[in-house]
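Visitor: Handing you a structure now.
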Amino acid sequence: MAETKSLAVVGGGQMGSGIAQLGAMHGLHVWLLDTDSAALSRATKSISSSLQRFVSKGQLSQAARTEALKRLKCTSNIEDLRSADFVVEAIVESEDVKKKLFIELDKITKSSAILASNTSSISITRLATATSRPRQVIGMHFMNPPPVMKLVEIIRGADTSDETYHATKALAERFRKTVICSQDYSGFIVNRILMPMINEAFITLYTGVATKEDIDTGMKLGTNHPMGPLELADFIGLDVCLSIMRVLHTGLGDSKYAPCPLLVQYVDAGRVGRKCGIGVYDYRKQSPRL
Ligand code: 3HC
């Protein structure tokens, strides 16, 4: 199994920039691709400030930060991904859009390259069918924020080879993550359990059982979660939570996964969480977080 030396990340949002940062911090040459140049400049700022947080805590030297930033290159040209050993896709959660990207990646990247998806719930087996190399397609699901969270969930599609699995596991371990492995069923492990809990928090709010603050305080102090479920939903993005609930509902065919009408209404209203300034809570008066 050849060692991964160069990484390409597609998608300069919170997840993509966090994954690109991990690669650069752990000695890989990284291309970060996004068609939107504004997204790339936001990603560069957030990576630079996240690396600085590690420096302030004494977990990274200033020299290592500078080296990491040098190893990271941003681009809007997919052709730059030609020489990547390993590609992680972290774009919008739409099967059609992801499939189109996988078709392009399959054409452009070298035949030995592994194509991984950071999808939170879309079938890896179906994404793999868009390529001529289903044995080299895998799910590599990071948790938000990727530089901090200790887990990577690896999802094997129906045809993923053992070699691809071991290369992906080795890469996650290089990033000092603990790996769990899931079969390819809707929501995998983490979101299959987490999203119904978040949805239930919305139902608790919607049916007037308690206030948002009491629901979050209950779960924070009552079960030692770092964030309450509604606060966490705002952090993940209500649109992302809704789309995962829909995948669970369709894929597992059980009415227990039906999205709460309040969650649907917030998304319809454009209240998608911290990234737009308002979700369950209103963040517009707070200073922006990177
Ligand atoms: N880069 C570097 N360090 C960071 C960081 C970043 N982007 N974000 C936070 N940190 C560090 C801080 O420096 C701090 O370190 P310290 O404790 O050593 O001083 C620590 O993380 C805590 O950060 P803050 O004090 O700024 O803020 P919080 O205490 O609010 O922590 C949090 C932020 C780490 C996000 C914490 O609230 C948390 O763990 N929340 C739950 C997150 C979670 O559950 N994520 C998974 C969501 S599910 C998912 O991603 C799947 C997807 O498919 C939907």
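Cβ atoms here come from the backbone N, Cα and C positions, even for glycine.
No curator has checked TrEMBL annotations; they are predicted automatically.
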Visitor: In TrEMBL, the residues G11, G12, G13, Q14, M15, G16, D34, E93, K98, S120, N144 are said to bind NAD(+). Which of K256, K275 is said to bind at that same site?
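Guide: Within the candidate list, TrEMBL flags K275.
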Visitor: Please give the NAD(+) site's span as the largest CA-CA distance among G11, G12, G13, Q14, M15, G16, D34, E93, K98, S120, N144, K275, to the nearest whole angstrom.
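Guide: Overall maximum Cα spacing for these binding residues reaches 22 Å.
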Visitor: Within 10 Å of the Cβ of G13 (NAD(+) binding site), how many other Cβ atoms are there?
Guide: 19
Visitor: Cα within 10 Å of S120 (CoA binding site): which of the recorded positions G13, M15, D34, H141, N144 qualify?
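Guide: So far as Cα distances go, the recorded positions lying within 10 Å of S120 (CoA binding site) are H141.
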Visitor: Per DSSP, what is the residue count of the domain '3-hydroxyacyl-CoA dehydrogenase C-terminal' (187-283) in each of helix, strand and coil?
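Guide: Grouping H, G, I as helix and E, B as strand yields 66 helix, 3 strand, 28 coil.
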Visitor: Average the pLDDT scores across the domain '3-hydroxyacyl-CoA dehydrogenase C-terminal' (187-283) and report the rounded value.
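Guide: Computed over the domain '3-hydroxyacyl-CoA dehydrogenase C-terminal' (187-283), the mean pLDDT is 97 on the 0 to 100 scale.
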Visitor: Please check each of the binding-site residues G11, S50, K57, K98, S120, N144 and report the ones with a CB atom less than 6 Å from an atom of ligand 1, ordered along the sequence.
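Guide: Checking each Cβ against ligand 1, the ones under 6 Å are S50, K57, S120, N144.
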